[in-house]
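Swiss-Prot annotations:
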DOMAIN    325-408  domain 'RRM'
DOMAIN    788-841  domain 'TAP-C'
REGION    286-553  region 'Necessary for silencing function'
REPEAT    224-245  repeat 'LRR 2'
REPEAT    475-496  repeat 'LRR 4'
Amino acid sequence: MPNQMRVLDFGDGSVPIQLDYPDSKIFSKCSSYGDRVPGTHWNEITVHHKGRLEYSPNPEQIILDALYQAIDGADFFPVFYQRGKNMDTMLVRNCKAAIDKLFKQRLSINLKGGASIPISIQLGVAQYQRHQITPTFHIARVVTRLMKQLIQRDGVDGLLNLDNFGSHPEFKNLVVSLGNPSILMNVCQVIHNDDNERFRLNGFILSNNRIRDIRPLTLLANVDYALLDLRGNKIKSAERLCRALEQFRARELLLENNPIVKISNFPANIKSLESNFELVDGKPFNMLHKIFSPLDVEIDLEVDGARIDTNNMWKLPEFENSQHWHAFMIPDPSHEFNQEVFFDFFFIRLDPTLSNFYPCYYKYINTEHVFLVRNCFDQIAHLVNNCNLEMTIPTGDRIFRYYLRMNVSTVKQHHVDPEECIQKAVSQCYVAQNRMLNLERFHSRECLKDVMVSLSSPKILTYVLSVASRKFMTTCSEIRLCHNKVLVLDGAHVLGMMGCLRAVDLSHNWVQDLSSIHSLGNLPLKSLVLHGNKLCRNYRLPSEYVRAVKEVFPQLTTLDGVDLQTNPGQSLQKNFLCDTGAYELVGAFLENYLREFENDEFRHNLYKYYSENSIFTLTCNYNVVQNHQTPKILQRLSKYNRHARNLRNKDYSKASDGVFFGCTYIVEILLQLPRVTHDFHSLQTDVMHYNGKGAVIYVAGLLRDEPPSTRNGHGSKTDIGGVLLGFSRQFVVTFDEANLGLGKRARRLKIANERLHITNPSKTAIRNAFSVNFPDPSERQAEEDSLDVKDHKLLLFQEVTGLISTWVTSIVEEADWDFERALKLFIQKNADHEIPDLAFA
């Protein structure tokens, strides 16, 4: 509200600003402020947009970008920005150079599209007083705090996190954007002048700040950093970027989602930075390549094509015979869904009996999911006429309404052809040495990056299998289809041409019942893997599950890795999971943990699973039957009862005594517990919560408390043998680090809370105790590696150690091709100085 006398109290402890407008002169459409002097007092800038930006996604940002462009790096720190229907206002001070540049442009700013908006300036609207709000002070305070709170990301620590810097709550009364060169310079000066913290810095996260010019970073140059993250900014000029980073060095530079990466001569236009950065967006310079998408350079979604929405659905038949590209535009303002989850929901509405639907060139643009399709008019008509252009989210019964742009582009020679991509991908999936077609996570293949191939569609799955059948009809003996969200496989007849096919792996899919894969029963399969599908939960007992599968596949000899001829009626232990993504967690964590708990030599290694904030409790309600062995059983149970937190049997004032905190204390308690052996066949697992960041795991089953041994003159003597106990363990685990390991796909978990309970086993559990032999993994004889696997091990070992090929082969062969043993052998030899310098490449 310009010219209205008032007092601005920001409530942050600063002295209020009293707007009294002593000078009534308002400058507009002029190039000079005459005999007035801006001085150090507060000035008011008014932007007269007259509502022209009302329907723009972020009018304030559009105006600020135009102002930053006009002042061209001069000091400019707006305060108290106010949006209005016809005009926006802000206060500034100590910015004479910026005001001069605005007058030089006759108090007009140019928007990105070429339009101009007039502004007016009133000088000295309020007198500056000491301790009033000072933008530079607030900025320095936030930067200083962040420098003391450096973060770790992707295994790199010491990173200063300035992502979306202007969103910090301390700036609620300021306009802070690193897209303003003067503010970026101010931030760099604060960092440069902080000698106490500056030398701890290992990199900078400057993403999502609308930065165009990074010249201020020259202040921080001539130091070797690990990371410079500039993603999601407005960097467009390669020449300006290279000049600004001429002396800046870091292991990796991140430029994703900047205009510069969409320029036709990228990355050649930044080649001068090759000696400054090892990686750009995760790739070495020599592996960078232009990822083409017509959505980037050929299609303007605002003007190209004809819009179809719920208001003009009747126009759709006009495009029935069109061979052009059509764009789907699905609004998602908060980017709630990533690409994979979005398509999971979108595909629900497709009609499986109609044309194959291949979304191409998917991108999230502004606030919308966008992709292109062609040659599937019947599916489009179904989505328009039957689904009313609505995408339903089953959880919460939410609806996302969308629209189409038909005929946005003609088909050009260099555009993607989905079926050609599928044929190429299938060819690359065949492993000749093992005669196996590995279609696991088929949609993630590199040659399918521009097309979404969903094997949850029965027709698309049938097409993929028909391609495979024609290509490998006499050679393929096994097909892996795991992790593909397969719902139905009703076209397995196309595999009839594969005369050698004997094994199919359908694990970790979405198959609901055996009728969905009934067509596989016509093939002479000997091995089938189904675990990880919802159909496995349809059976209470393993024997029921095996019997049902054998009715459809009578010739099977192996089911889920279990030999049905040796162990008829038995299958792997059951898992009850709230999310099928937890299968990997259960397999990797639970078995390893219990194996290490069993082994006296390795139990101390459980230290790695706990942190200083971990909590452990133990309870025991084993009821002892009175007989001649009672004293000895009570003696054995005393090791559990000593640490048990049985509140019903103890004084409530000592309730906290049975709660153990911290990894050291917890492992000390675990080491005092007896040696045990778990009956892995008895285990029942329930993952009650899993979200990728943590999980709640409950496991129950049978264990054998092994007897302690005593020595006498006649050899070894034991007391009463092993005691069978029922047990349950509940783990609350969190993932504290991700993207670990050589493949950057490993995660490190920590147990936040654990409860161990000891009780009486059921009569059924005792009767079936240890009836199935689960050998220790360390005792299993490894199968001979194929030549292809050995070659991969040699290459990986060379990459890890840096040895020349002759030494690599020597050490790996000495370790009998066991990669873990080979690494330990290398470390030992290197420590003993047995490897000469000439052995390293």
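Each residue, glycine too, has its Cβ placed from N, Cα and C.
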> What else in the chain is close to the repeat 'LRR 2' (224-245), if you only count residues 6 or more beyond its ends and a Cβ gap under 8 Å?
Replying inline: 153, 156, 158-159, 163, 179, 201-215, 217-218, 251-260, 263, 265-266, 269-270, 272-273, 276-277
> What is the three-state DSSP composition of the repeat 'LRR 4' (475-496), stated as helix, strand and coil residue counts?
Replying inline: 5 helix, 3 strand, 14 coil
> Between 0 and 100, where does the mean pLDDT of the repeat 'LRR 4' (475-496) sit?
Replying inline: 89
>> For the domain 'TAP-C' (788-841), how many residues does DSSP put in helix, in strand and in coil?
In response: 40 helix, 2 strand, 12 coil
